[in-house]
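These notes are about the structure you will find just below.
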């Protein structure tokens, strides 16, 4: 072994001596036999600029000592073509940018095609041979294969400068501008702060946007890119999952070392996830394929320390990434919502495989909300909701179809007895709404595994207390006022929940007097309202149930719920303590924090509550009515026995002004004029149709633009009374009291006597007689007028001689300015008669009403 080493040393010592001996023996005219790349550069003037830069930067010795390399030397014209000046080039000059180590390139030996030359710690070079022409990084080799004799090297003269290659993120931006199809991966790479650690000296398989969208939807892409810049600030668990997914995807697309151009057949490589990949190139090396994909439309694009190939159909992008609801919520810009779930230990709802439906507010409404655990749970349903499928069986008719669902908030034992709080979804022409307030933005859910996600336009709020849960359009203010007077707006916790049948909408119409009575009688008010509240949860979709519950009095009550046959959206609720069945709209339930409210548009009284005519009259304050009716036994029984009549009751202040007293001779007629049979009461309640009185007089009803109700004698609208309030008895809804602002005067009936009513035949005869008399009078006037004219002519002839030639004419008044100047006083109408039919009566001195009734029976002036 030592002998071999000694022999090699002797050889190295002898080589310079032999070279020197050959030089001494050589003739002076012969070329110098030992040349280096520096010698070649100095011997060729076209390389003078490049040589000067090498000398100036001190690389001559370095190049002389190198072996087994290729140098690409720009000719002088390259420095003129380039954008950089020579000084700028010198400033950034690195000799390694122009070298290939461990390879002596000879262009003449290259076959036609594209070749990728690796270089340690430098960007690879792309060589392309076409016929006799060769290019390096698309720069023409104009002086090929210049070989020094004293170095194992080659020099290739090129006509342009080899520029520094861009970083990978810069290259991807450039490629996206060229193709308009590389935005996603470009953003993906840029989102890594240390992407160079993955891509240096690597082959990067770049999926085009079309490739990404083939395997990832928009939500998943948003998650991978962290489009909303939230994941970096999320909880540590979410951050770790996100970082692992992104790293896995990036490593799936990176192969250590540089591969491109013409590749060996059956080339099997591994990516950074240790997945085996089969890579091949086409015959020219201009495009590559991975795992039998289509050949890359973008190939052999060089970056700082690597090469990029772009693909449209890589099939392994999704291999190492498993999506769940949590990742989808991040992709929907709901990272704050996810953070709250972790904070409340509710992350299981977005991680397990159970069927879950989530209603999540859009991004602008889920930031810094400070959710409570119950409010978060109210956004979840343990089961799948498919709106289009769930509502497909509900035909689009006049009403808005509604479905009721259980939320995941089921822990309110005190308030709801452990039952889950519900919500309802209603479909209208404008879309789907939760509890009538929160619009669902996507009718088709985002689905991942067993989870369905709906986005809503605002944060879903848990039902509040009784008052807050009722929207103004329900018109429940009167019932709420009555509940407030009974301190029933906040019900005690009963571990069961409550069901309230609440009169709303039009239920209190025509019941103003009833309200006044109830407010004045707390016993009656309690009897009504407490019989409408039940200690259990009964929903409108609990069809065909019959159960016994307790009302707020503590009494057991039987309740049945049935769907009305033949109706599309009506439900009947039967309550044993209420006289009539209650009809409600299906799914009209309103949820509050202690149960459910059923708004009803009818006022149904408990069987134990009786409101009579007597009590309603007392509520009006017109006590004189009782005195008047007590004078007539048959009439008084109407009030005391609740007979089927309604009564118009004037206000107490208007009775004295009317002149009606207990001594009035027409008192009975007055009372009968204000009594209305029950069978026509509805006409007055509806203010429609003819209204007959017990007296036989017909009344009319009208409403003004403010819905004020006025009643008058039929055929005479000049005198009318206004209905102030109405209330009906509990036994008979057509037996009511109408409080009016003043009585209907009997004098209004007397005015009818002055109206002449003649039959049609009499009118006809009158016309004939009138025409005959008119013709006769005209004939007489003509005869009389003719005689006067004749006499005047005769007298005119006799006086002509004595008549002056000029005489003053008397002043003649224009009859058009004095149409009544010649009327007799008897023919002129009086002021009273022309102003009003009532004005011809002597005015009544109201100060004397009642003052002249000394010892004698007064006579009513009405």
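Note that Cβ sites are derived from N, Cα and C of the backbone, with glycine treated the same way.
Because the structure is a prediction, the values reported are computed rather than measured.
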Transmembrane segment according to Swiss-Prot, located in which of 721-741, 742-762, 763-783, 784-804: 763-783
For the domain 'FAS1 3' (606-744), mean pLDDT (0 to 100): 94
Helix, strand and coil totals (DSSP H, G, I; E, B; other) for the domain 'FAS1 3' (606-744): 44 helix, 37 strand, 58 coil
When distances run from the Cα of residue 688 (N-linked glycosylation site) to each of the glycosylation sites 112, 200, 450, 521, 663, the nearest one: 521
Cα-to-Cα gap, residue 200 (N-linked glycosylation site) vs residue 291 (N-linked glycosylation site), nearest whole Å: 23
Neighbour-count leader, CB within 10 A, glycosylation sites: 112, 152, 291, 569, 663: 569
Residue 521 (N-linked glycosylation site): tally of other CB atoms within 10 A of its CB: 16
Closest of 291, 663, 679 to residue 542 (N-linked glycosylation site), Cα positions, glycosylation sites only: 679
Cβ neighbours of residue 542 (N-linked glycosylation site) where a neighbour is any other Cβ within 10 Å: 16
